[in-house]
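For reference, TrEMBL has these:
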| type | residues | note |
| --- | --- | --- |
| DOMAIN | 21-409 | domain 'Major facilitator superfamily (MFS) profile' |
| TRANSMEM | 17-36 | transmembrane segment |
| TRANSMEM | 56-75 | transmembrane segment |
| TRANSMEM | 87-106 | transmembrane segment |
| TRANSMEM | 112-133 | transmembrane segment |
| TRANSMEM | 145-167 | transmembrane segment |
| TRANSMEM | 173-194 | transmembrane segment |
| TRANSMEM | 226-244 | transmembrane segment |
| TRANSMEM | 264-281 | transmembrane segment |
| TRANSMEM | 293-312 | transmembrane segment |
| TRANSMEM | 318-341 | transmembrane segment |
| TRANSMEM | 353-375 | transmembrane segment |
| TRANSMEM | 381-402 | transmembrane segment |
Amino acid sequence: MLIDSQKETEKFVMDRLGAPLLCFLIAVSAIGPLTLNGVLPATSAVMTELATRYEVAQLVLTVFLVANLVSQLVLGPAADRYGRRPVMLFSLSVFVVGSLICASANSIEWLLAGRFVQGVGGAVCVFLPRTIVRDIYEQGRAASVIGYMTTAMMVAPLFGPALGGWITDHASWRLMYAGLACLGILLLLAGWRYQPETLVSLRSKPSTAPGTSFFASSGLLLRDPGFVACGCMLAGSVGVYYGFLSGAPYLAMESRGLSATDYGRWFGMVAIGYLCGNLAAGKLSERLGVQKMIFMGFLPFLAGVALFWILLPLHHPVALFMPMMLAAFSNGMSLPSMFTVAMSIRPELSASASGLAGSLQTAFGVVLSIAIGYLLPMGDYWLFVLLTLSASISVVGLGLTIRLTRRQQISVARH
């Protein structure tokens, strides 16, 4: 059943499914980063068991991101057209199949194929929970709820790499993928029970509404300067994180001699930074507004990127993880507001906007991960060169946002 207004949506959810639905959305959001970075400490083990090179083994990240990119572009408009619930259940089913393929892979080709299928299904974890929150709440409150929701789900990336490293060192990397399949099955059952249809019905016949196809919705959004500015900020900010995920295991384990378990423990600093940023977003977004949260979030982001270069001569894990901790704090603080703004530009296309914004950041992450895979063996500094490039694109997006905001203020003052 489609709910006819945002007020009715919020009342329906809060009265009947508030806590169970929120827990379900947190779990769905958590399995995304767990799937993304929980398996990365196994890179060296995969290289050994499947007899492959680093630049091929690290494609488990790249292939997953490519699948996420393509899937978000398709599933976003599908969620606007057919509803949130069917897209959620379909995607979780695909995720389970992909996880099982990875767990049983006997070659690097099968592992990468499984990661692609897993990424197609896992895309729903990236964009749909925040879309459902935006269905329920107004802009400021939505950014706050997304911040709190992300805070709760950060348990997964906080312990995921450590758990993945421990499983790899003491059992097998395959067990991590088998565990993800089991989690996917549990989420599928929970979604069937607790996921309502929260799509706000702005049209009498959503399935035939104009502008809900992939090309139409993407075209409308990409022609909007505000969405383009948000896209640049998101791509550059999250690109730093994806680039770090791609290069950090190599620097930590191959160049600095850390074990998979040690890498997972040190990565906890990054997760803690993101967690603290999410807490700040939850407490401050509704009071300060999304624009101020975005601007404030850039200060620790730029400080973290600068610290990478300052600590470059220091061959200690803290030189690698401390700067990323600052950048992660920035992302946790500002990303909920960035996504909320992107989804608010055209509310009738909120899922499309969430999916397209996610695809833009993922696309840039894919390019970075491929470049890092080939350039990093030539020198450690290449990681920091590419992370700085990513940060520069985010700064361009911030500049566009400031310019558009000033134009709007001048226009309002004249009228």
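Cβ atoms are placed via backbone N, Cα and C, with glycine included.
Nobody curates TrEMBL annotations by hand; they come from automatic prediction.
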Check: Is the transmembrane segment (173-194) in contact with the transmembrane segment (17-36), using three or more Cβ pairs under 8 angstroms as the rule and ignoring pairs under 6 apart in sequence?
Finding: yes
Check: Quick one: do the transmembrane segment (353-375) and the transmembrane segment (226-244) have at least 3 Cβ pairs under 8 Å, skipping pairs fewer than 6 apart in sequence?
Finding: yes
Notebook entry, point to check: For the transmembrane segment (173-194), which recorded stretch in the set 112-133, 264-281, 381-402 gives the largest number of Cβ pairs separated by under 8 Å?
Noted result: 112-133
Notebook entry, point to check: Are there at least 3 C-beta pairs under 8 angstroms linking the transmembrane segment (226-244) and the transmembrane segment (112-133), leaving out pairs fewer than 6 apart in sequence?
Noted result: no
Checklist line | Contact set, same chain, for the transmembrane segment (56-75): CB under 8 Å, 6 or more residues outside the stretch | finding: 35-36, 39-40, 43-44, 46-47, 50, 87, 91, 108, 111-112, 115-124, 126-128, 214, 218, 242, 245-246, 249-250, 355-356, 358-359, 362-363, 365-366, 369-370, 373
Checklist line | Range from 226-244, 318-341, 381-402 with most C-beta pairs under 8 A to the transmembrane segment (264-281) | finding: 318-341
Margin query: Would you say the transmembrane segment (226-244) and the transmembrane segment (318-341) are touching, if the rule is that at least three C-beta pairs must lie under 8 angstroms and be 6 or more residues apart?
Written below: yes
Margin query: Just to confirm my parser: what is the rounded mean pLDDT across the domain 'Major facilitator superfamily (MFS) profile' (21-409)?
Written below: 82
Item checked: Beyond the flanks of the transmembrane segment (293-312) by 6 or more, those residues with Cβ under 8 Å of it -> 143, 233, 237, 240, 277, 281, 284-285, 318-319, 322-331, 333-338, 341, 380-381, 384, 387-388, 391, 394-395, 398, 401
Checklist line | Beyond the flanks of the transmembrane segment (226-244) by at least 6 residues, Cβ under 8 Å | finding: 61, 65, 270, 294, 301, 305, 324, 327-328, 330-331, 334-335, 338-339, 341-342, 345, 353, 356-358, 360-366, 368-369, 372, 383, 386-387, 390-398, 400-401, 404
